[in-house]
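Colleague: I'd like to ask some things about the structure below.
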């Protein structure tokens, strides 16, 4: 068969991002997948974005990746999350038409140069002298390549669970990968067993929406893609709805806990902390009288609704009782029952920050096989693995994004340095520099890199540079124009020799209020938004940078005075659990524990100072 520069195993979100990046970088690429049904599939929540994750998709786009364009082209609803808070946590979330999303990618694959799609199962890796040379398919055909990127998602020896019923299959009834786990073990890789799950799907026409809380989208023009945006008109967007569990729901779950695959002992894999099953919520948060559930559409073409926040591994008969105890779903028709899925992943500490294996040269890993969760996290890793394949092919140094450069850098540093014990999810709290890692400035942080490596098209980069020029011109005007020079502003409480940039820092003042006096005509809302954020939050960003410098000097502070970390205020349950288990000797050791961030370290330091002074 034809020899390729790169083979990508798996056509999920990591694999697609990797394959499009390598082929766009002029590397002959083979994309191998078990089943065409799995291309770009969204087996769980059909959405892209959310806190931290939406910023990651913006970062992917800034580097020249494809996920943002796909999401914009197939969205059913767009929202800006956390808009009432500071810009460090603003994020875009899109409800995606999962049928259109897959169709979009399949069409792009057909049109993509340097990319061949192969429907087959990889049964072995060709490795000589610790260098990967290609793959062997299950029909014994050999495909040679200089590099291999493994992006098998949740399919390695995957098993689905509904109560005591276990099925040897992949997500949504697809085929699973039966051979690669054993191949990796023989090569010396340590594997971990993880678990995730997905809720039931309900027939839309059987739902009573009367008493549900309506969750519409936004009429603002927002998109993931910086310079190729596709906007979904407000009147074409589909609404989501919110309902809540009740005591009847909780009682059904409590009475049947032993039938749950997870609580009945059928599942050994560790599930995601930040996306727990409904059983987990009832057990771990027993004091809560109700839990929120999102009722969300899956496609313009499907009459199915997704119950976000209601995943379970209960048997079918129990699921029916649980679902019909929910308001509006009393007489619903269940189209597909929930399930949990177990799968193999590698310990990601066996990877370099480039995502290349430490054990086998030219072998890269990306996505959920690295112990992460989420479409956005997967796509970001696929992109970075592809970029570093290209860098190595050109005999250049790998591109490793810093924690202060991108959420992508935070994630990769976390998983390769600290490893994972549960499916890793990106959170804004994991980033020490989150005021600098904003939704609005992904282009400032990463477009130069995307352009220099050859992924970002020159015309896109030129447009970015033109926008940057306008931003700097407006900032210069604000810095050099005094209040006294504007007749309408002479009677403000600011001194007339104060500059407009100081006036703009007032919370009640908007940049649009001042631009009417500006000789530079700016109409692009993206430019206006970026200038306003830079000015209004300049002080916060400088303070955060200073705090980070101080926190780096805390390494010699001992922790033997803390018996139980529940005593420490304002740290998460995850942090408490891990600190109580590991019992770090000092703050330096505590800071290296997965899930413990610099905010937690600051809270611990404050607590130690307080008990010392008491």
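Cβ atoms here come from the backbone N, Cα and C positions, even for glycine.
Not measured: the values here are computed from a predicted model.
Here's the feature list from Swiss-Prot:
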BINDING   10, 11, 12, 13, 14, 15  FAD binding site
BINDING   271-285  NAD(+) binding site
Colleague: Does DSSP put residue 13 (FAD binding site) in a helix, in a strand, or in coil?
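Modeller: Going by the DSSP assignment, residue 13 (FAD binding site) falls within a helical segment, counted as helix.
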Colleague: Work out how many Å separate residue 11 (FAD binding site) and residue 273 (NAD(+) binding site) at their Cα atoms, rounded off.
Modeller: 26
Colleague: Apart from 10, 11, 12, 13, 14, 15, which residues in this chain have a Cβ no more than 8 Å from the mean position of the Cβ atoms of those residues at the FAD site?
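Modeller: These residues sit around the FAD site: 8, 16, 17, 18, 33, 40, 151, 152, 153, 367, 378, 382.
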Colleague: Measure from the CA atom of residue 281 (NAD(+) binding site) to the CA atom of residue 13 (FAD binding site) and give the result in Å, rounded to a whole number.
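Modeller: Residue 13 (FAD binding site) and residue 281 (NAD(+) binding site) have their Cα atoms 28 Å apart.
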Colleague: Tell me the Cα distance separating residue 12 (FAD binding site) from residue 275 (NAD(+) binding site), rounded to the nearest angstrom.
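Modeller: Between the alpha carbons of residue 275 (NAD(+) binding site) and residue 12 (FAD binding site) there are 20 Å.
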Colleague: What Cα-Cα separation, expressed in whole Å, is found between residue 281 (NAD(+) binding site) and residue 12 (FAD binding site)?
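Modeller: So the Cα of residue 12 (FAD binding site) lies 29 Å away from that of residue 281 (NAD(+) binding site).
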Colleague: Can you tell me how far the Cα of residue 10 (FAD binding site) sits from the Cα of residue 271 (NAD(+) binding site), in Å?
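Modeller: Rounded to a whole number, the Cα-Cα distance is 22 Å.
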Colleague: If I take the alpha carbons of residue 285 (NAD(+) binding site) and residue 14 (FAD binding site), what is the distance between them in whole Å?
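Modeller: Cα of residue 285 (NAD(+) binding site) to Cα of residue 14 (FAD binding site) measures 33 Å after rounding.
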Colleague: Between 11, 14, 275, 283, which of the binding-site residues has the fewest other CB atoms within 10 angstroms in the structure shown?
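Modeller: Candidates: the binding-site residues 11, 14, 275, 283. Fewest Cβ atoms within 10 Å: 283.
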